[in-house]
C-alpha cells in the first residue's frame, strides 16, 4: 500500500509551533510515522538544547523521498531563518513571519507535486506575516491563493461538533455587506462535499441564522428571509439535506447532541466560540475546498508561553492524526 506522507509546517518560530511539533511527533501513534517537518532546523535544535523538547534525532533532508521513517527520528526540510541568532521568543518579528510564509509555500508545492498527500500547519502570527510583506488574513486565505482555489471555507472539526464558516477574517461591521445568497449556497455545497469525503453518506447540514432567533420572521432583521432561505432552497433542490435558518443560540448544541452533522456559521466568532468551548484541546482547523487536505491546531502562537516548555501539544497531535486519516 502506498505510504501517505504529511508535511508539517513550523508556523511562527517565535511561538509555540516548534515546541508542539516535536512534542507531538514524539508521542505514541506519531513517533516514526510518515511525517516531514518544514521549518528552521536551527530553531528546533535550539529548543532541544534548552531542554524544552524531547531528545529525538532531528535529521535534515532535502527531499521527501530521502526520509527513512523510524521511531526516534524527525525528518526536517530546512527553511532557515535569515538571522536565527536574532530570533526572540514571544515577539512579533518580520523574519519569523517570512519563515512561516515560506514553510507554507514549500509545503504547498510538495502537496501539489504529490510528494506529500496532506499538510498540517502549526500556528502563524498574522501581524508578523504582514510585517514581512505577506498580506494575508491567515493560513486559509494564503493557501487558497497559493493553490488558486476560488471556493473554499474554514472548518472547525471535533468528533462531536463540526462547523464551517461563511466568513472568517473580516470585521463584523463589514460582514453583512459581503453576505450573499451565492456565498452561503457555495459554503453549503463545500460542507456537503467535505462531509461525504470523510465518510458521511447523506450529511445533515444546519444553517445558522445571522440575527437573534434567526430573525424571528423579520422582527430582528431580514437577512434570513432575503439571503439565507434562498440559498437553503437552492441547496435542497440539488439534493442536499439542509435545515434552517436555525436560531444561532441553540443550533450548535443540537449538532453537538447529534441532530446535525455540521453547522454553517455565518461569521468567525459565531462558529469559533461554541467549538472552542466544547473542544478546545481536540479541535482541528481544516481548509475545505483545497486540492489537498490541510489541517491545523485550533489555537494561536501563544507568545506568552513560547519557549517555556508549558505548551500543550494535544491539538497539534490531533490535527496531524486527522491529516493522516483523511489524506
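Including glycine, each Cβ sits where the backbone N, Cα and C put it.
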Recorded divalent metal cation site member, picked from 148, 169, that accompanies 213, 268 in Swiss-Prot: 169
Residue 169 (divalent metal cation binding site), number of other Cβ atoms within 10 Å: 13
Among 139, 140, 276, 285, 294, the record's substrate binders - longest CA distance, Å: 19
Inter-residue Cα distance where the pair is residue 285 (substrate binding site) and residue 268 (divalent metal cation binding site), in Å: 12
